[in-house]
Amino acid sequence: MQPVCLRVHMARHTGDLPFRCQQCHKGYGTLSKLKIHQRSHTGEKPYSCGECSKRFADPSVFRKHRRTHAGLRPYQCEVCRKTYAELKDLKNHERSHTGERPFLCQDCGKAFSRSSSLACHQRIHAAHKPYRCNLCGKGFTQLSSFQSHQRTHSGEKPFLCPQCGRMFSDPSSFRRHQRAHQGLKPYACDKCGKAFRQPADLAMHQRIHTGERPHKCSQCDKSFVASWDLKRHLLVHSGQRPHQCGECGKSFAERASLTKHYRVHSGERPFKCGRCGKAFVVSSSLRKHERTHGNENSEDKVAPTGNQDPFLNDPSAIVVATVVPACGECGEVFASTQELRRHERLLHPGLRPFPCPECGKGFSDRAGLRKHERIHSGVRPHACPHCSKAFLGASDLRKHLKTHVSLENRSSEDTMVTATIMTYESLLPAQLHPHDDGTETDKDTPSDCLPDPLTEPS
């Protein structure tokens with residue numbers, strides 16, 4: 001007859017779970033494990049910490065907690081020097097560096113670094129959600145997720161940041177926030193070297209390199225890198241807009257969109273530029289605005305005063321500030337616009353909610369869609385004042401205007417023409433976006449509303 005400890009261990013390999021919970025039917029290899037689990041239903045927590053009065057249902061978790069008061073974390077990672085109270089926690093952590101995923105799902109082949117993660121994942125296949133909220137009926141596969149969800153109803157935020165005083169309802173958000181203070185990004189991509197604060201973020205990033213899009217829509221052939229992008233996409237099929245504004249009744253598919261919309265009524269502009277003090281409703285507008293400052297420490301930067309044209313005094317001093325392509329959703333900066341577009345397609349496909357009815361191509365805003373539609377309609381609103389040519393976009397017109405400079409006069413007129421073109425470009429935002437509060441107007445104003453860019457100033 002096998003010893004008890006060996007039988008318990010072998011049950012992990014064989015899947016033999018003879019002790020089952022009568023309430024949720026979850027199985028366990030030992031009676032003691034079942035009793036600990038049953039406390040999640042009864043709420044019983046018999047183990048109390050003498051230092052902080054916190055209570056626990058599981059004696060092993062209680063022992064681990066006591067070590068935090070004693071400062072005992074004897075197990076250290078040789079890669080990042082992070083310490084742990086228990087050896088098994090160190091072993092689990094080390095897999096985040098090695099990439100080892102020894103626990104394989106037999107249903108779909110997905111691999112995990114922890115057995116507990118595999119167990120939670122398998123509930124997805126079984127559609128088993130043993131933890132159900134009695135307030136809204138939502139079900140959860142993990143007790144920790146269920147407890148975090150309950151705090152959304154109670155408003156409880158027990159995790160306090162000692163550095164800035166910000167409070168959090170779940171421990172994972174709290175840990176992520178703490179890493180932001182510390183500047184720690186211990187999880188590096190072995191393909192490009194980019195580092196992340198969480199292993200989940202690294203795993204998400206690596207899909208850019210592998211092309212993996214595991215989250216598939218059941219109603220169409222689209223697939224997504226991230227689960228939240230799939231959830232956002234599903235709202236397109238359902239037409240569901242559950243988040244309604246109490247002021248005007250407008251509905252939104254996402255809570256974040258409703259939060260941004262509320263600022264229209266409240267006048268709140270929480271995103272403030274640290275250089276000029278201008279405030280914005282959304283963070284993406286602030287990031288776009290910050291790029292207009294360029295490098296303020298550069299000796300080449302010229303700031304015009306009043307209505308003075310800056311090139312009139314010193315044309316050679318005019319320098320076009322480099323616009324750095326950055327993602328409006330997550331803030332990541334890229335070396336080229338092409339890289340930014342690729343990033344948006346892979347990680348934020350839901351950010352292009354305006355599809356072209358002709359070819360299906362998606363755009364992030366209505367103005368981009370209108371500009372694209374000119375390809376199908378043949379409309380070219382930006383006409384050259386010096387010849388019969390017309391263009392789809394203002395940028396194409398600006399490139400064309402340079403061709404009117406005669407080759408023999410190019411060397412003497414280069415500086416003035418460059419400055420003239422730049423002045424024309426500088427007028428575009430003022431003409432197309434006359435509001436000084438960060439809001440946008442129609443970007444498709446015809447070119448005949450603008451001054452002739454090659455006419456000398458009087």
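Every residue gets a Cβ built from N, Cα and C, even glycine.
What TrEMBL records for this protein:
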COMPBIAS  292-302  compositional bias 'Basic and acidic residues'
COMPBIAS  433-446  compositional bias 'Basic and acidic residues'
DOMAIN    47-74  domain 'C2H2-type'
DOMAIN    75-102  domain 'C2H2-type'
DOMAIN    103-130  domain 'C2H2-type'
DOMAIN    131-158  domain 'C2H2-type'
DOMAIN    159-186  domain 'C2H2-type'
DOMAIN    187-214  domain 'C2H2-type'
DOMAIN    215-242  domain 'C2H2-type'
DOMAIN    243-270  domain 'C2H2-type'
DOMAIN    271-298  domain 'C2H2-type'
DOMAIN    325-353  domain 'C2H2-type'
DOMAIN    354-381  domain 'C2H2-type'
DOMAIN    382-409  domain 'C2H2-type'
REGION    287-308  region 'Disordered'
REGION    431-458  region 'Disordered'
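In the domain 'C2H2-type' (47-74), the DSSP tally of helix, strand and coil residues is 12 helix, 4 strand, 12 coil.
For the domain 'C2H2-type' (271-298), residue counts in helix, strand and coil come to 11 helix, 4 strand, 13 coil, using DSSP.
Secondary structure of the domain 'C2H2-type' (159-186) per DSSP (helix as H, G, I; strand as E, B; remaining residues coil): 12 helix, 4 strand, 12 coil. Across the residues of the domain 'C2H2-type' (215-242), the predicted structure has a mean pLDDT of 81.
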